[in-house]
Amino acid sequence: CHHVTGECSCPPGWTGHDCTHPCSSGRWGRGCENSCACDGSDGGCDPVTGACSCEPGFTGERCQ
């Protein structure tokens, strides 16, 4: 936590006042600042790494 404000510095994939909320679907990284860049997926990706979660029948880095 910040020594003056008390604001938490959440690890990648987590957000909220006390870092207890995972990133919402379609978001990832520190502060959930990044958008998932996946084509043939359910719109989701790993909240920490941004790796795409492919739907059945799709493969590749971006589920293309």
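Glycine residues also receive a Cβ, built from the backbone N, Cα and C atoms like all the rest.
Per TrEMBL, the features are:
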type: DOMAIN; residues: 1-20; note: domain 'EGF-like'
type: DISULFID; residues: C10-C19; note: disulfide bond
type: DOMAIN; residues: 36-64; note: domain 'Laminin EGF-like'
type: DISULFID; residues: C54-C63; note: disulfide bond
Same-chain residues at least 6 beyond the ends of the domain 'Laminin EGF-like' (36-64) whose Cβ lies under 8 Å from its Cβ atoms:
11-14, 22-23, 25-29
Could you state the CA-to-CA distance between C10 (disulfide bond) and C54 (disulfide bond) to the nearest Å?
27
Work out how many Å separate C63 (disulfide bond) and C19 (disulfide bond) at their Cα atoms, rounded off.
29
Least buried by Cβ count (within 10 Å) of the disulfide-bonded residues C19, C54, C63:
C19
Spatial separation of C19 (disulfide bond) from C54 (disulfide bond) - C-alpha basis, Å:
27
For C10 (disulfide bond), list the number of other Cβ atoms lying within 10 Å of its Cβ atom.
18
PLDDT averaged over every residue in the domain 'EGF-like' (1-20):
85
